[in-house]
């Protein structure tokens, strides 16, 4: 048994030794604060240029506690204490909070939230691209209740559009950009009930290829949902679970190819080598399906077959940026959510760090003068870290104390519920007896569940670029796409555009903006 006094003594020594010398000088903190103040004062001159490009980064399940833990991890991966590190999203000048509830759920799911931040209306949990008049699983409540997304609005305005995700391309988040479904789980017709099929509802993979036929870039997982039932997967030939699922016998990849104009350059790729061999500036349409289901966790990724999120984002921007009218790109770090559901904090946080790297890559390829970039989450998780850990403590390490009840150590990271609930001999498992630094270690939880749940608290919204100042304070989640549309002069937000101009030219003044906003029904 570890002595609590020994743990406390070690923690005290570590705390003293890990304080950087410069931080002991008050001048360091005063100078830092003064520089931050100067940066804030510069924001008084608002950037009201008309947006050419819109990039939305969605960290699925990336609540504020995940953002903070990812920040520390990023720093520690660079051999720093971690707490002082800045994520790319930390550098964005405008921050707001988003209220994530669904119309019928206090703690939301990823489908109803995706409908909110992509389509501009709140919806029921489990439904995508439809209003709250649609009931989950009830196909006959879909017709007439469809709502369109910012991706559709951008495409209708002449912009190029793209979707990049680390989940299936027909998963909850991306599907709200193009599909209208009473159930997020209708990935292919194989997952649909006979009643829904007989009533004429289409699966989400089918809708991906048919609803918005000219999406320029689609990258992620989900290969098996595009091919006929039992068709062998190109990569996992012996894996029955990787085989095609479609009961209708359709080859949606071939259908995707058939919809593309002959004079355009269209490419379907299924591995990283094929992707990186392409000249993106010579590609008009790209479909990349790199796994039968979701893509692998970043820590498990096969660098030969699976591209990283950063690589996919870079290629997507190169393809989309050829359009002089600009583009809309949705990027999802989707497996942050999966890591948390499995109680595998290390997997989740490495996914978040990789998404932050992709944010940096996108920032280096675009300009704040004409590109609005938004980073947010659909919901949070019951994930936390604490325990009075000293500065520089490994984010996956032990707290510097033991429980004053069972006298056992505990990791700083814990979950409110989930699969990490472990009882050994009638008592809480002693974490010092297991490898709590393992990639797949499941952090302890207070309540036993097979899958950890979402959290219901607000999530952060980070914004930079033209009109980013419209994201401030606390907003309903469905407000977000209205800001993007207003800034880019697309969709229904066109009244102010005649006197507005593109980046670098004269812009509508603050008074004009204040007069224009009420017509959009926007409340602050």
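Note that Cβ sites are derived from N, Cα and C of the backbone, with glycine treated the same way.
In Swiss-Prot this protein carries:
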type	residues	note
SIGNAL	1-17	signal peptide
BINDING	60, 173, 332	Mg(2+) binding site
BINDING	60, 110, 378, 379	Zn(2+) 1 binding site
ACT_SITE	110	active site, phosphoserine intermediate
MOD_RES	110	phosphoserine
DISULFID	139-201	disulfide bond
CARBOHYD	140	N-linked glycosylation site
CARBOHYD	230	N-linked glycosylation site
BINDING	235, 290, 291, 306	Ca(2+) binding site
CARBOHYD	271	N-linked glycosylation site
CARBOHYD	302	N-linked glycosylation site
BINDING	337, 341, 454	Zn(2+) 2 binding site
CARBOHYD	430	N-linked glycosylation site
DISULFID	489-497	disulfide bond
Check each residue in the chain of residue 497 (disulfide bond) that is at least six apart in sequence and keep those whose C-beta is under 8 Å from its C-beta; list them in sequence order.
-> 50, 489
Neighbour tally for residue 306 (Ca(2+) binding site), based on other Cβ positions within 10 Å of its Cβ = 21
At the level of the C-alpha atoms, what whole-angstrom distance separates residue 201 (disulfide bond) and residue 302 (N-linked glycosylation site)?
-> 36
Out of 110, 140, 271, which has the highest number of nearby Cβ atoms, where nearby means within 10 Å of its Cβ, if these are the recorded positions?
-> 110
Sequence-ordered, the recorded positions among 110, 140, 235, 291, 341, 378 whose CA is within 10 A of the CA of residue 173 (Mg(2+) binding site) come to 110, 378
If we take the Cα of residue 60 (Mg(2+) binding site) and draw a 10 Å sphere, the binding-site residues of 110, 306, 337, 378, 379 inside it are 110, 337, 378, 379
If you measure residue 230 (N-linked glycosylation site) to residue 291 (Ca(2+) binding site) at Cα, how many Å is it?
-> 16
For the recorded Mg(2+) site formed by 60, 173, 332, name the remaining residues of the chain with Cβ within 8 Å of the site's Cβ center, in chain order.
-> 58, 59, 110, 114, 165, 167, 171, 172, 174, 333, 334, 337, 378
Quick one: give me the count of other CB atoms within 10 A of the CB of residue 379 (Zn(2+) 1 binding site).
-> 28
Which three-state DSSP class does residue 140 (N-linked glycosylation site) fall into?
-> helix
Among 139, 489, the one of these disulfide-bonded residues whose Cβ has the fewest neighbouring Cβ atoms within 10 Å | 489
How many other Cβ atoms sit within 10 Å of the Cβ of residue 337 (Zn(2+) 2 binding site)?
-> 29
